[in-house]
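Engineer: Here's a structure for you.
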Amino acid sequence: MVRNCLSIVLAAGEGTRMKSPLPKVLHKIAGLPLVCHVIKQIELAGSLQLAVVVGSGAEDITKVVQSFTKNAMIFEQKERLGTAHAVLSARLALQEEVDDILIVFGDTPLIEHSSLVRIRAFLADGADVVVAGFYASDPTGYGRLIKKNGKLITIVEEKDASDEEKKVSLCNGGIMALNGKYALSLLNKIDNNNMQQEYYLTDVVSIASRQNLNIQVVEIPFDNVIGINNCFELFEADALWQKRKARDLMLSGVTILKPESVYFSYDTEIEPGVLIEPNVYFGPGVKIQSGAVIRAFSYLEGAVVGRDAQIGPYARLRFGTELERSVKVGNFCEIKQAKVGEFSKINHLSYIGDTEIGTNTNIGAGAITCNYDGFNKHKTVIDDDVFIGSNSVLVAPLSIGKGSYIASGSVITEDVPINSMVFGRARQVIKEDRAIKLRAHLSKNKRNK
């Protein structure tokens, strides 16, 4: 029997320690907001119902979440009265009949769907409350999971823990799952009789224990529950994410010569057999096919690189770039909104924008397309087997026919028929010995000043 699941993502925290006008959960690692990382893993874990509780920065968070997933129900926590109060802000969703309720914090971007699947499996096996825990060599600062006779009976925060309880190394990971049958009744029993006068989600455990419900602890890796509270922790989490991504790629058959110097985005796709040299940046939307070589100091975003292509060093591929098989893009080239056919070469010092290039075409050093007139972008179409000489300027809109040859230094403003040779430059004029007279004239003028 397939169990349905409601996941509640708590994203209402103010995040004051970030010291940023941007809501905490909208800060990014690998190019994706923290809360979207969490939602992605929740969906991969098979949870089809999603409630996101927002507070500070509600409008901005709502916009980002709804653009990322169409499944999200948004609920606002109007007062900051604790984590249980935040969960109950989604009361309308909780009132629906669901088997599993999964509660996750929106600032834990390193959670893996495999951990969430394991947590849900305990509910399927009969647990009523499941708490994610981890063992810490130094548990200072973390809530402790306190057991009695092998059973979890309560979660004690560090500030409230006795000396004996502080010796416990099993810590609260923050993620909790509830049997839908008991969820609302447990949450409704939580009170705010504490120093902070807040409603704590962790009190669910002691309430469930008193009711003799089945409470289980699932041990998950510490990095899965790392929360982000400041920009340094954001950096550390990003570094961990990058290390995971590089490891997964290398185990799949991608060669990365210096993985710590390469930056990947959340959706980077690289096939086995690709070679990546040091200091490469992959922005969102990049796909690299097998056999391609990405040389050092290249910057790619929104680009598809075909089989056996060679990129860089020092190349920039921008959004809308599609390179087919065995294309070469060399040093100090920028490609944007361009489709380049197989075996074509753009080897050095070129800007190619809003362009279609056919197969086996060569773009010489320093050749550029002029695609913008100050108001609108215009397209250049270059057919198969074309040679564009060095330092040529192609002024769009423009079409260059198959097999044509553009002489170096030309400025091309009109369409070129197939198999044409085009000169678009002024004729060279030679005046012998004129340089001697010119130098004498210039030298005299300089002395007179």
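From the backbone N, Cα and C atoms, a Cβ is placed for every residue, glycine too.
Quick paste of what Swiss-Prot says about this protein:
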type	residues	note
REGION	1-231	region 'Pyrophosphorylase'
BINDING	10-13, LYS24, GLN77, 82-83, GLY143, GLU157, ASN172, ASN229, ARG318, LYS336, TYR351, ASN362	UDP-N-acetyl-alpha-D-glucosamine binding site
BINDING	ASP107, ASN229	Mg(2+) binding site
REGION	232-252	region 'Linker'
REGION	253-449	region 'N-acetyltransferase'
BINDING	ALA365, ASN371, TYR372, SER390, SER408, ARG425	acetyl-CoA binding site
Engineer: Let me know the model's mean pLDDT on the region 'Pyrophosphorylase' (1-231).
Structural biologist: 95
Engineer: At the level of the C-alpha atoms, what whole-angstrom distance separates ASP107 (Mg(2+) binding site) and LYS24 (UDP-N-acetyl-alpha-D-glucosamine binding site)?
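Structural biologist: So the Cα of LYS24 (UDP-N-acetyl-alpha-D-glucosamine binding site) lies 7 Å away from that of ASP107 (Mg(2+) binding site).
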Engineer: Would you kindly give the Cα-Cα distance separating ASN229 (Mg(2+) binding site) and LEU10 (UDP-N-acetyl-alpha-D-glucosamine binding site), rounded to the nearest Å?
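Structural biologist: Each residue's Cα considered, LEU10 (UDP-N-acetyl-alpha-D-glucosamine binding site) and ASN229 (Mg(2+) binding site) end up 14 Å apart.
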Engineer: DSSP on the region 'Linker' (232-252): how many residues come out helix, how many strand, how many coil?
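Structural biologist: Per-class counts: 20 helix, 0 strand, 1 coil.
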Engineer: Nearest of the binding-site residues to GLY143 (UDP-N-acetyl-alpha-D-glucosamine binding site) by CA-CA distance, picking from ASN229, ASN371, TYR372, SER408, ARG425?
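Structural biologist: That would be ASN229, the closest of ASN229, ASN371, TYR372, SER408, ARG425 to GLY143 (UDP-N-acetyl-alpha-D-glucosamine binding site).
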Engineer: Could you check the binding-site residues LYS24, ARG318, ARG425 and say which one's CB has the most other CB atoms within 10 Å?
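Structural biologist: Of the binding-site residues LYS24, ARG318, ARG425, the highest Cβ count within 10 Å belongs to LYS24.
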Engineer: Fewest other C-beta atoms within 10 angstroms of its own C-beta: which of the binding-site residues TYR351, TYR372 fits that?
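Structural biologist: It is TYR372 that, of the binding-site residues TYR351, TYR372, has the fewest other Cβ atoms within 10 Å.
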Engineer: To the nearest Å, how far is the Cα of SER408 (acetyl-CoA binding site) from the Cα of LYS24 (UDP-N-acetyl-alpha-D-glucosamine binding site)?
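Structural biologist: Counting only the Cα atoms, the answer is 53 Å.
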Engineer: Per the record, acetyl-CoA is bound by ALA365, ASN371, TYR372, SER390, SER408, ARG425: how many Å separate the farthest pair of Cα atoms?
Structural biologist: 22
Engineer: Calculate the distance in Å between the alpha carbons (Cα) of ALA365 (acetyl-CoA binding site) and GLY82 (UDP-N-acetyl-alpha-D-glucosamine binding site), and round it to a whole number.
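Structural biologist: The Cα atom of ALA365 (acetyl-CoA binding site) is 63 Å away from the Cα atom of GLY82 (UDP-N-acetyl-alpha-D-glucosamine binding site).
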Engineer: For the binding-site residues listed here (ASN371, SER408), which one has the lowest count of neighbouring CB atoms within 10 Å of its own CB?
Structural biologist: SER408
